[in-house]
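One structure, as structure tokens, below. Some questions next.
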Amino acid sequence: MPKAKAKTKNTEIISPHHYVYPNTTTLKNKYGIKNLNAFLEKCSHDTAKAMINLREESLPEYFDTAYLCHIHQQLFKNTFEWAGYLRHIPFTFADGTTAAMPEMKRTGWKNAFAIGDEIQEGLQRLDQTLAEKNNLQGLTREEFNSEAIELFNSLNQLHPFREGNGRTQRLFFENLAKAAGHQLNFSLITKERMMVASVAVAENGDLEPMQHLFEDISNPEKIRLLKEFMHTMKNTGRNVNDRPVMVAKEGETYTGTYRGAGLEGFALNVKGAYIIGNIDHLPPEQLKILKPGDKITFTAPKAEELKKTLIPKETLVPLTKLEIAEMVAEDAFVHTCRDQICSLSKIVYGSQGVLNKNIIEIIKNPSKGQQLATQIERTPYSVHSLAGFDLICFKTGARVRAEKHVALLSCAVANFTHAVKHARQEITKEHQAEQNRLRQEVPMPSQSLQDLLSLPKEFQQKALGVSPLLQKELTSLLQKVNSRLSSSEQRALRENNHETLAKNLGVSEQKAKEITKTVMKAREVQQKSQTRTVSHSKTLAMAS
């Protein structure tokens, strides 16, 4: 590890403020640049070049503090005088000032980084651990990640350098992984994701985000998915560094906006985060029609259909048996009936959960409900032993109470069965109604009607008045629009909320603007026509 330069004056004040130019927030640098943005740009350029050179270096024999400082020194040797020096050790600049920062805390964080000698002690533990565990070599990828995450979080907390900790630390662990026969590709991690994962550990002790991060940058398949997405973003000139970007976790369900697909993966925008999934996990027929801007549950029309239609149709797939069962289970009345069964089961059988499996079966197959109700009524003990005891001439109070409630339990099961059947019917009916609504296509108005809508307002009613066909087409158009749009889509249209309308319909925002403009103009023309008709009728009535 490099040693700090000797102080030129014994009376020199040691201060963390000496790291920056007076009256600025810009770190003293070899370029002599005091403008912060200009400095950051120059520093970023130089460290990017240095990073390339460092990746071409041979891997070290030992991964320790000395190598960590070497990386920092090589990254920032053209930028800082103190490149490679630890922040808690006083460093004297060429201008004679001496700086040290034994205490350091990121703005907005509750906890500070390691203080003073804690830095050296922590680095010694890092060296010892890596030496004892042979630089984490000979481990599976999962085992390596588990060990590396612990060290990574520890080094995060030490924050040994005044600046450049992240870049130094990431390259250190990339090479540590490489030497162990694994890979950690930190270039695929956005600044925001790294910050979120680091804060979760430092502030809340939550390891999950960091574990997810290491899984994504070490698993070859997930690395391919992230590389493809990042490459696409770069080619389109989009900077996603301020967004969390992560591969979908196994077992997790994501609901969001579909952003597009590449050869390997597809992207969902979930509350501002990009979730990358494997396209093999999507049905082919769904993948072929999905377009950026759609909700993942929506089916987008083909581009050529948009040219012929004002509002495209959607194909809503039938509900699966499992989906119906899940929706039935969430029905309020079904819930009430189920609660009643549980209460009576406690009395009759001594446990609320005795019939849980039967309840699930009834939800899946209602025909089994009446069978169970009859079985409970006739031979309740064949389902489960009754509560209490029956000792020849003596029955406990619990047994007497259980027998008295058998009929009620049988009735409750029958009621539950009826509730399930009714819920299934309603769910199916509502879904079919939604299918019917979505499959309606609203054609583009004829050129004649488009021309009429484009006329100055004072000429529209005159043109409409001499053309019964245009009147009929206008009425038909608005009837189809009202039938096609949901209440939320109608509201978005009225409020000129093009983004919401576009997302709901699975169209571009430009198409949503066209729909809004056409429909609102058509409604205005029809409203004026109706007002004019009513006014004319009143005039005739008064004249007669």
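Using N, Cα and C of the backbone, Cβ positions are placed for all residues, glycine too.
As listed in Swiss-Prot for this protein:
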| type | residues | note |
| --- | --- | --- |
| DOMAIN | 63-216 | domain 'Fido' |
| BINDING | F93, A94, R106, T107, E163, G164, N165, G166, R167, R170 | ATP binding site |
What residues, ordered by sequence, lie under 8 A Cβ-to-Cβ from F93 (ATP binding site) and sit at least six positions away in the same chain?
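Sequence-distant Cβ neighbours: H18, K28, E81, W82, A99.
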Just name the winner among R106, R167 (the binding-site residues) by count of other CB atoms within 10 A of its CB.
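Selected residue: R167.
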Can you check how the pLDDT averages out over the domain 'Fido' (63-216)?
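For the domain 'Fido' (63-216), the model's average pLDDT rounds to 95.
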Which value in Å gives the longest Cα to Cα span across the ATP site residues F93, A94, R106, T107, E163, G164, N165, G166, R167, R170 as recorded?
30
Run through the Cβ atoms and count how many others sit within 10 Å of the one on N165 (ATP binding site).
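Result for N165 (ATP binding site): 19 neighbouring Cβ atoms inside 10 Å.
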Could you tally the C-beta atoms, other than its own, that fall within 10 angstroms of the C-beta of E163 (ATP binding site)?
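That number is 18.
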Taking DSSP three-state, what's N165 (ATP binding site) in: helix, strand or coil?
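Helix, per DSSP.
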